[in-house]
Amino acid sequence: MGTESLVHVLLVSFPGHGHVNPLLRLGRLLASKGFFLTLTTPESFGKQMRKAGNFTYEPTPVGDGFIRFEFFEDGWDEDDPRREDLDQYMAQLELIGKQVIPKIIKKSAEEYRPVSCLINNPFIPWVSDVAESLGLPSAMLWVQSCACFAAYYHYFHGLVPFPSEKEPEIDVQLPCMPLLKHDEMPSFLHPSTPYPFLRRAILGQYENLGKPFCILLDTFYELEKEIIDYMAKICPIKPVGPLFKNPKAPTLTVRDDCMKPDECIDWLDKKPPSSVVYISFGTVVYLKQEQVEEIGYALLNSGISFLWVMKPPPEDSGVKIVDLPDGFLEKVGDKGKVVQWSPQEKVLAHPSVACFVTHCGWNSTMESLASGVPVITFPQWGDQVTDAMYLCDVFKTGLRLCRGEAENRIISRDEVEKCLLEATAGPKAVALEENALKWKKEAEEAVADGGSSDRNIQAFVDEVRRTSVEIITSSKSKSIHRVKELVEKTATATANDKVELVESRRTRVQY
């Protein structure tokens with residue numbers, strides 16, 4: 001079958017590993033169902049993909065379909081200091097994206113591969129505006145939990161009380177969810193957050209929430225059934241995760257080119273079952289020097305084998321490079337390994353891994369649950385603090401090590417060591433493992449043939465196919481003409497438009 005006959009879906013991603021990889025996982029799943037996927041994101045991230053060496057411009061076969069990449073310039077030099085201001089960058093990306101995306105769609109139509117649907121992730125809600133202007137359906141992939149989706153929804157619409165400057169420590173009671181303490185709700189919603197620009201970025205999606213015909217969630221029904229049932233009455237949500245776990249499509253993720261992917265696995269192969277603690281704080285969390293030292297001494301004192309991912313901060317990020325305690329590597333010898341990157345999915349699936357010290361980002365949370373690995377929670381901010389509460393108190397697969405950045409303290413080596421020992425041996429470790437294995441089984445059943453997530457993704461595929469037939473059978477010349485009109489219209493955007501976008505993003509809603 002030629003690729004021209006396949007339904008073509010355009011994935012538009014905000015740049016960054018935590019944004020691109022979940023959308024890429026969704027893309028390979030849709031490709032396995034017989035779709036042709038194009039993933040587009042700014043060239044600034046495309047350079048990282050090419051550097052990693054796991055990239056090709058040619059369509060890659062996945063199941064019955066294909067996936068390919070197409071990058072676009074965002075209009076700023078790579079070292080432009082304005083990139084550090086998220087409000088400014090999002091406005092610039094919207095200004096350029098509204099010109100570029102219609103051109104990509106126009107080019108596809110002229111090549112007899114018309115786009116039938118657009119899917120975006122958070123931070124770029126304007127993609128649904130582009131789709132609507134062209135008469136195309138759109139969907140959104142939400143890459144946090146349904147619980148966090150509900151929290152942001154209720155905050156945006158003012159449906160329940162949240163902490164305020166006058167009452168900063170009130171608890172939050174959301175329908176069909178456990179009570180959230182003030183430091184357990186997504187921290188960007190707290191009035192004292194040092195990251196108000198991230199609150200604006202996330203809530204921007206809720207302004208356009210009525211435009212996508214479907215909101216896909218990287219979770220599974222059995223994990224969050226009460227809040228999913230509740231929110232499904234309000235929004236067209238479909239849980240389709242865990243996306244990384246789907247057996248129908250091979251793993252395809254973007255990594256940093258820091259090491260050979262098999263290096264960690266070769267080391268783990270030499271360790272006994274359930275003997276290694278895996279430590280990783282994701283791609284955006286960087287700990288203070290003192291905290292790194294306390295974790296290091298805790299590992300030395302515990303005598304537990306470990307694999308520790310310590311990613312260096314990006315150049316010019318302003319984040320200080322941290323050092324391990326003096327003589328640390330010599331003292332641990334072969335009992336420990338420190339790396340800059342790891343193939344996390346493979347690591348968590350390895351039988352030698354006993355538990356996972358994690359920052360509780362949603363990708364890592366889903367990977368731990370679906371791999372059956374207990375966790376020690378070390379959240380910092382955002383949805384991480386909410387995920388940590390769920391892991392410890394609801395899913396019961398985790399031990400809480402800290403409550404987040406707002407706690408404003410260094411976790412001592414004694415506290416860390418105590419958690420490490422409890423999570424790897426004794427009655428608590430047994431209970432955590434039993435619960436973790438239960439969720440692993442539930443996750444596998446969700447993505448298996450006929451499972452809850454499999455049924456939802458099939459329903460989504462069927463709907464896109466149905467609307468695709470309507471689009472193709474309508475006047476193709478009319479469709480191309482509509483795209484051409486939009487391209488010409490957006491090409492007239494000026495620098496003043498960008499200023500208006502930045503100001504409107506900051507002021508149109510008092511988040």
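Glycine residues also receive a Cβ, built from the backbone N, Cα and C atoms like all the rest.
Record features, source Swiss-Prot:
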type	residues	note
BINDING	H19, G382	anthocyanidin binding site
ACT_SITE	H19	active site, proton acceptor
BINDING	Q344, H359, W362, N363, S364, E367, D383, Q384	UDP-alpha-D-glucose binding site
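Known features from Swiss-Prot, placed on the structure.
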residue : record                           : Cβ contacts under 8 Å, 6 or more apart
H19     : anthocyanidin binding site       : S13, T41, N121, P122, F123, V143
Q344    : UDP-alpha-D-glucose binding site : S280, S364, E367
H359    : UDP-alpha-D-glucose binding site : S280, F281, G282, V285, F378, P379, Q380, Q384
W362    : UDP-alpha-D-glucose binding site : V143, Q144, S145, C148, D218, D383, D387
N363    : UDP-alpha-D-glucose binding site : G18, N21, P22, V143, D218, F244, G282
G382    : anthocyanidin binding site       : P186, S187, F188, Y195, L198
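The binding-site residues examined here are S364, Q384; by Cβ neighbour count within 10 Å, the least packed of them is S364. The Cβ neighbour count for E367 (UDP-alpha-D-glucose binding site), using a 10 Å radius over every protein chain in view, is 22.
Residue annotation for UDP-alpha-D-glucose gives Q344, H359, W362, N363, S364, E367, D383, Q384. The furthest Cα pair among them is separated by 20 Å. Taken residue by residue with DSSP, H359 (UDP-alpha-D-glucose binding site) is part of neither helix nor strand, so it is coil.
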